[in-house]
Amino acid sequence: MNGTGSVGHRWNSLSPEPHSGTESTASTPFVKSEFPFDDDLFGIDQVNNVKPHPMDMPCNLPIQPIEYNRRFSKDADHSTFVKNEIEENILNFNVNPEIAQDNGLDTQQIDIYRDLILRHLIQDISTTCAKLGLPNDFYLWSSEHGARWINEMCMQFNLQPPRNCSITGIDLLGMSQKDFEMILPAGGDTLHAQLQVWKTGTSDYVKAFENYHPPVTVQSSGMTAAENNMQSKTNWLASTNNQTNNMAAAENPNHPFFNGNGGYPNMSMSSFFQQGTVLPSPSNSDTSSNGSSQDMNDDDIDLHMNNSNCGFSNFFHNQGYMNSPIDAMCNGSEGDDDERAYTRHQGTVHLWQFIRELLDQPKQYSACVRWVDRDEGTFKIESSLLLARYWGQRKNRSQMNYDKLSRSLRQYYKKGIIQKPEKKQRLVYKFLPPYNL
């Protein structure tokens, strides 16, 4: 067969000739590519010299042991601490010192809160003493005073009070739990425990600050708000140390007051009350985090200004209520002079205490303030001008007006002493427990 044979016997090229627009009719013994080889893109002579891809290269590096991050595989309740592996690529099973520092701060806070609880305990004791007309000194309690205290404790704990119980304060302090159980089998242990609480309200408070050294009050500019608040509480605690360290020695070594609790065995309770100094309330001492004291009202300022001149006996007397009708009966008579309400008590008096005193004498002061519901502690100010005038006379302030007095009332909302009743009425307020007793 020759080159010009039948078309069916010829094999044409699959693509046009280079630089030609017509199909070649020449028979060729080989198949041509669709495009000419580009040496710049692909060199046929370099096929055997192609560089391998990095991923295809054999690994000649030494094999390293695999480190697993055990941070998330540890038990949640494990007592050790794993430090951040970004900082150190090791496992640290020692306790982080920062945690220990945090625990120390928590301990300091617990001590502060413990002191706050003791302060409230002292206030509750003083309230009960004023309510029952009890002297501040256990050693001055007569058998009638002891009977009042026992009956009050039985009422608080729903116990059946004993009959014909005449025990003086000195005898109470010397009674053991078995002695209490003899006079009250069903609740003698409760009365004995409550007596120890009353002792703790005085002795533990003194011991809490016996060895406390006031810190430097200068604060750094970089102190956080939380640190500033803690520092203010610490300074408040420090302010009480100088007062408690000035207590005198025992006046009567034959009657130790704190011998039951192991503190100050040579100090009688009377010397404690006479030589001690009133301590400011924490709610009155705290200021805002920026150091301002704009929330201080007239009632609070009086408390701070009179701290150095007011004895601890006045603290017990004034932190509770004013002289109750029971106290007036014990003293023999109840005066009719209006000025008696303003002169019979020395030391600092809070506004809420003053209002309670007026409420307890409705015959003289019902035109000024009266009870709306005695059981609920709701009262109404009938004459704000008259109340402000009486309060100004009590505080010896001729410029006292109801605007200043109302600021003190509003401060009591924050302190949990007074609030507006659910059904709001003008000049109607409500004492909150335990101030409504």
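Glycine residues also receive a Cβ, built from the backbone N, Cα and C atoms like all the rest.
In Swiss-Prot, the entry for phosphoserine among Ser6, Ser73, Ser232, Ser239 corresponds to Ser73.
Checked against Swiss-Prot, the residues Lys74, Lys83 yield a single entry marked SUMO cross-link: Lys83.
Of Lys32, Lys395, Lys404, the one with SUMO cross-link in Swiss-Prot is Lys32, while the others lack that note in the record, though it may still apply to them.
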